[in-house]
Amino acid sequence: MNRRLPLKLKELSECFRTQTLDPVSATEQILQLANRLQHLNAFIRTSPEKALAQAEKSSTRHKTGKPLSLLDGAPIAVKDNFCTKGIHTTCAARMLENFVPTYNATVYERLARNGAILVGKTNMDQYGMGSGTVDSIFGPTKNYWDAVEGESDFRIAGGSSGGSAVAVASGICFAALGSDTGGSTRNPASYCGVVGFKPTYGLLSRYGLIPLVNSMDVPGILTRTVDDCLAVFNAIAGPDDRDSTTIKTFFKPISLPDASKICLKGLKVGIPIEYHCEGLSDEVLTTWTKVADMLEDAGASVHPVSLPYTSASIFVYSILNQCEVASNMARYDGIEFGHRSDEDASTEQLYAKSRAEGFNGVVKNRILSGNFFLLRKNYDKYFEKALKVRRLIANDFDRAFQEVDILLTPTTLSDAPRYSEFIQSNNRDQCAVQDFCTQPANMGGIPALSLPIRLSEQRLPISLQLMAPNFSEKRLFKVAKWIEEQVKFETNYN
């Protein structure tokens, strides 16, 4: 009979150490669970042969008392926009349906070197352009908290890293990689009731992450607990010669005390007034207020702060996003890279038809909009101005962090909406709502973490977001760990 797997990485590692569980049997259970939960559509593909081969090696290391790390033998998942050697990497798009990389993304490679076991590649919005994981060529992903097999209307998982969030929430994986351009890790983490973390830009290598918006893309981490998130972060952070945007200084792993020993006395918590916005649900507002009160009762001081350019941020983000998308998508021409049409009348027609077949409407619209903003007559009016306002948004954060140590905000404006409701609005309008609270952190390059707090009246997760100054990850994790211990979120783990 299968032994129920533990909830946390530390517990799993201890089971391996005492040999009450071994990596092979744990992996077999995980693969069985993934098979039972196929209706969630969290995975584009699983890799059972690779996973079991990795588990055999991990089992040998544990038996000899030489595990590589806390992650040795832990099942993980990787979003399908990170390159994995010998395994299809599709970005959930027809354009890359048959793409098999010859190398690994740095962040996955570092996890593998720490002994983590790859269960499979997770579903996403095409190229990461979405906030629901609803437009993949492999079909939408269903939120684990409210999914009934065969039911056509379900709660969305959030996006674009929805598959990774569901893989973690359902217990298939202990951790998963996502990407975060405007909230694509934190948004699904919020809806699925898991921890979602976006680090300071440059602390995690983007090598092998198929680019969407180079100036904002960062790898993200999804786990069930703050400690697990920190363990993964410690394993993959640090400079990478293959990515010139990584910080060149040595990364010192972060350690935290037990939650009971964390003291918040003297901590200054900022509450941005602009985040009390249109569409914010009463339940999220109440949760936000209660956690602020909880922090104050623990000795922290809570202060209203202003981030004046918040209202402009979503529009500036949209312009810059589309401009960089137009540039990045130019490489997919059907000649050297990506889907190739059967058209052979001319090179121009081959190029046009390959792109028409390989991209969905969302991608095409962003390419067209981006190229419009980049036209010579529009460049100064849109792109240059957007860059200037982005600097003002970053300055907002700089000023706020001169007054406070950390910011507390909603992650999403409500609990997870139904699929039928979500698709009533087009992708652009949905992103304007779904990314409102999350994309400013990408614009400023600062670290941010989404933490599940409680369940709504619909028995769905409600989460809040913490943001900290650049390179203040330790402070972020410390406060998150303290809150986690106080709220004791009710998990729905298998």
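Glycine is treated like the rest: Cβ placed from N, Cα and C.
Of all Cβ atoms in the shown protein chains, 34 besides its own fall within 10 Å of the Cβ of K79 (active site, charge relay system). According to DSSP, K79 (active site, charge relay system) is assigned to a strand segment. Residues or ranges marked as active site, charge relay system by Swiss-Prot on the basis of sequence analysis: K79 (among others).
What Swiss-Prot records for S160 (among others) is active site, charge relay system. Its Cβ placed at the centre, S160 (active site, charge relay system) has 37 other Cβ atoms within 10 Å.
The DSSP secondary structure for S184 (active site, acyl-ester intermediate) is coil. Cβ neighbours within 10 Å of S184 (active site, acyl-ester intermediate), excluding its own Cβ and spanning all shown chains: 38. As annotated by Swiss-Prot, active site, acyl-ester intermediate applies to S184, with the evidence given as sequence analysis.
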Between K79 (active site, charge relay system) and S160 (active site, charge relay system): CA-CA distance (Å): 9
Distance [Cα-Cα, Å, rounded] between K79 (active site, charge relay system) and S184 (active site, acyl-ester intermediate): 11
Translate the DSSP assignment of S160 (active site, charge relay system) into the three-state scheme. coil
